[in-house]
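Novice: There's a structure below that I have some questions on.
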Ligand code: 13P
């Protein structure tokens, strides 16, 4: 199966009360590990690419080519969407052109009227190409690719206005934060989540900052309409810890342990195991 739009997988998740994971990729190892995990768990999956990671991987065209080739080479049979994460106006257009099957246009830093206008244009453009699209209302806290914002609570009326444009899934701030959660974090705001789900007439919602949220809060968020959960930091921590362990045990100095295929394997295996576990937690395992 070729790469697909995320529309169907997210609508099925919303109807079935589970969530699809959107896991950020950084390179070949990340891509391979996440695709193998999805196949192992028999789960639909979204591969998220930030604009920074796109640059790191030498451009969106290279990302499309790499993901398609790895996907076909591994014989992946579960539905896979290649998704731009927190796209700018120019970035979203470039990814639609480059062959991504899903994009996020994040206009949350604009005044609402401008976000609305640009989101409308981008939704029309994405849909004219059969690509799914996510938009954002209310900033997500924390830092991502050098852009910092405090955790906001999205305005349910603004969410309704963007939802009515026909966006496929909507990211709305509910106190979630990118990166590690601080010890004094107040937790997800379920009252606001419920209000947003109601005001948008049951639009599938996206939970950004999916790393390190207590399991019971994730389960409750899914029960209130979250159908896509973004995870980045957690996989970076898993990879770093496994690689550290390998080096601290002196394994890189034993035999040909310095061979990158050996050196990067514990980290890649750790990513795969973590993604399978999260797919089970989100309820998407076995849903492909
Ligand atoms: P984390 O890095 O906190 O998992 O957030 C990922 C994310 O929301 C990407 O958009």
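Each residue's number is its place along the chain shown, starting with 1.
The backbone N, Cα and C atoms fix where each Cβ goes, glycine too.
Where the annotation comes from TrEMBL, it is an automatic prediction and has not been curated.
Take a look at what TrEMBL says about it:
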ACT_SITE  85  active site, proton donor
BINDING   86, 178, 208  Zn(2+) 1 binding site
BINDING   106, 136  Zn(2+) 2 binding site
BINDING   179, 209, 210, 211, 230, 231, 232, 233  dihydroxyacetone phosphate binding site
Novice: Cα of residue 136 (Zn(2+) 2 binding site) to Cα of residue 233 (dihydroxyacetone phosphate binding site): how many Å, rounded?
Specialist: 20
Novice: Tell me the Cα distance separating residue 230 (dihydroxyacetone phosphate binding site) from residue 86 (Zn(2+) 1 binding site), rounded to the nearest angstrom.
Specialist: 11
Novice: Compute the mean position of the Cβ atoms of 179, 209, 210, 211, 230, 231, 232, 233, which form the recorded dihydroxyacetone phosphate site, and then list in sequence order the other residues of that chain whose Cβ is within 8 Å of it.
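Specialist: Other same-chain residues near the dihydroxyacetone phosphate site: 24, 178, 208, 212, 234.
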Novice: By CA distance, which of the binding-site residues (106, 209, 231, 232) lies nearest to residue 178 (Zn(2+) 1 binding site)?
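Specialist: Closest candidate to residue 178 (Zn(2+) 1 binding site), judged by Cα separation, is 209.
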Novice: For the dihydroxyacetone phosphate site as recorded (179, 209, 210, 211, 230, 231, 232, 233), determine the largest distance between any two Cα atoms, in Å, rounded to the nearest integer.
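Specialist: Taking every pair among 179, 209, 210, 211, 230, 231, 232, 233, the longest Cα gap is 11 Å.
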Novice: Give me the non-local Cβ neighbours of residue 209 (dihydroxyacetone phosphate binding site): same chain, 6+ apart in sequence, Cβ-Cβ under 8 Å, ordered along the sequence.
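Specialist: Expected: 140, 141, 142, 176, 177, 178, 179, 181, 230.
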